[in-house]
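**Q** Sharing a structure below in structure tokens format, with a few things to ask.
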Amino acid sequence: MDFEALKKYSALHPKPARLTLQYGTAGFRSKAEQLDHVMFRMGLLAALRSRATGSTIGVMVTASHNPEEDNGVKLVDPLGEMLHPSWEEYATQLANAEEQDLQKTLTEICQKAAVNQQKDASVFIGRDTRPSSKKLSQAVIDGVSVLGGQYHDYGLVTTPQLHYVVCCQNTRGQYGKPTLEGYYQKLSKAFMELIKKSPGSGEGQRHLKIDCANGIGALKLSEMQPYLPKEVLVHIYNDGTKEKLNHLCGADFVKVHQKPPKGLDMKPNERCCSFDGDADRIVYYYTDTAGHFHLIDGDKIATLISIFLKELLAKVGQTLKMAVIQTAYANGSSTRYLEETLQVPVHCVKTGVKHLHHKAQEFDIGVYFEANGHGTVLFSKAAENTIRQLAKDEKDDAKREAAKVLENLIDLINQTVGDAISDMLVIEAILSLKGLTVHQWDAFYTDFPNRLLKVQVADRQVIDTTDAERRAVTPPGLQEKIDALVKKYKFSRAFVRPSGTEDVVRIYAEADTQALHIHSEFILNSHS
Ligand code: 16G
Ligand code: ZN
């Protein structure tokens, strides 16, 4: 390590005094002006992580659905997964080290993580459309370079695109080409193969209105459009040319407020969807003829995909083990439907993509979605091989055809992380193949009315939870009070958890009717 150069460059990215930040659920998030030193240091860390793993590491500069003034950064591990938890701790240490301790902290990390400093380092960098992102990604580049690492700057990309290219690079092309063109080609080819088989194929065009949250999704969807078949017409709204990123639009806004985004004119029964600011989440919705708004969230997306997969698995006659992974926020009605009607096992894990992803890896086919619209499907290597083999060699026509559909689905899904573009194409393909309208999809089950609130408290860490965040163990007495309230209502559920991304406590409650809705504020107020 060239400590003189490190000192010189670090001085160009000084850490504001007394500022401490934590590598949280989605990496570092803060006001953009507080993040320059964090970016530089994450460049350093990515180079070390690359040396430790002997692989390319990704660094994505984005704050997803948060306001335009915010920014953030997260590291992507070799197979496109989230950074390993032990390194999250190093990230926090490095970001918070005072200037004079930087060298010492780096040396310590190298020792603890057994980093061979002679090895090459390679880092892929991407960023969203925030005005601050370009400069911040330059700080990442400075960090990688000062440690002698190689980098490739992909510039403007969606978060899932960066995960994808990292995975392609480290699997030596097995997952695809590590370029955006490779991504568009792989997805569009699989999509076209799939919809060729739909009953209505050739009978006119499918229309979909997409609110791109004034973010990167708009740019990348337009780039992809020439690759998509003429039968599918995506209409891009909130493309970022007029309004601010995530302002009154995007998947998070629509999910939280349960109302349409600004800037998208909806006609009754038209299929619409929203991406979030970095295009890793998607929710669908429509208004009915009476003007009522209907949200189709991550739970219903997981359900649609699960139904489709289950039917295909029955057709190919394979007993592959499939499960759905949810979090505490999943609507109780979706869990009941999946378990009781569809007979698919459901597992609940802690909030945050890494927890869902990890659990989903335990199954032949793991479908995971957060209610907020972040999700994907994972196929084990063995399951994928079986399916590809059947698609090629199976003698029985019906079985072989079903295996081919599964094979195309595998290629269309971004298995590295939830991906709004990929999920949208999966959903459109399934709706088209099954001949379902948005209304029919929505009617699979009816969501229990629910409410999600956030409350600021003096110290959110006094709340500790267990059972995938569904029960509070501290402060004493809190859970008993929640239980006492919940007991009074049918199919009711409520929980509180400290947020992993904001200084707030989140409160969720649901019950079978709106009238019986629990006043969740009361639960917390009685404890504050
Ligand atoms: C982050 C997570 C998201 C989770 C949300 C919860 C990733 C990539 N993103 O955005 O999955 O739903 O945090 O935030 O893991 P909260 O802890 O503030 O409720
Ligand atoms: Zn996002």
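The backbone N, Cα and C atoms fix where each Cβ goes, and this holds for glycine too.
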**Q** With D276, D278, D280 listed by TrEMBL as binding Mg(2+), identify the candidate in S64, S492, S499 belonging to that site.
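**A** The record-listed residue among the candidates is S64.
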**Q** Can you identify, from 136-163, 248-275, 388-415, 444-471, the stretch that TrEMBL calls coiled coil?
**A** 388-415
**Q** Spatially, which candidate from the recorded positions S64, N372, R506 is nearest to D280 (Mg(2+) binding site), comparing Cα atoms?
**A** S64
**Q** Note the Cβ centroid of S64, D276, D278, D280, the recorded Mg(2+) site, then list each other residue of that chain whose Cβ lies within 8 Å of it, in sequence.
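**A** Not counting the recorded site residues, we get T62, H65, D128, T158, T159, G215, A251, F275, G277, A279, R281, H374, A420.
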**Q** In the same chain, which residue numbers or ranges, 6 or more beyond the ends of the coiled coil (388-415), come under 8 angstroms Cβ to Cβ?
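**A** Long-range Cβ neighbours of the coiled coil (388-415): 80, 160, 163-164, 186-187, 189-191, 193-194, 197, 308-309, 312-313, 315-318, 376-379, 422-423, 425-426, 429, 433.
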**Q** Rounded to a whole number, how many Å is the Cα of D278 (Mg(2+) binding site) away from the Cα of S64 (active site, phosphoserine intermediate)?
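**A** Per the Cα atoms, D278 (Mg(2+) binding site) and S64 (active site, phosphoserine intermediate) stand 5 Å apart.
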**Q** Below 8 Å Cβ to Cβ and six or more residues apart, same chain only. Which residues does that give for D276 (Mg(2+) binding site)?
**A** S64, H65, A213, G215, G217, N246, G250, A251, D252, I282, G373, A420
**Q** Counting Cβ pairs under 8 Å to the domain 'Phosphoacetylglucosamine mutase AMG1' (206-283), which of 51-99, 113-166, 297-435, 452-515 comes out on top?
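**A** Going through each listed stretch, the top one turns out to be 297-435.
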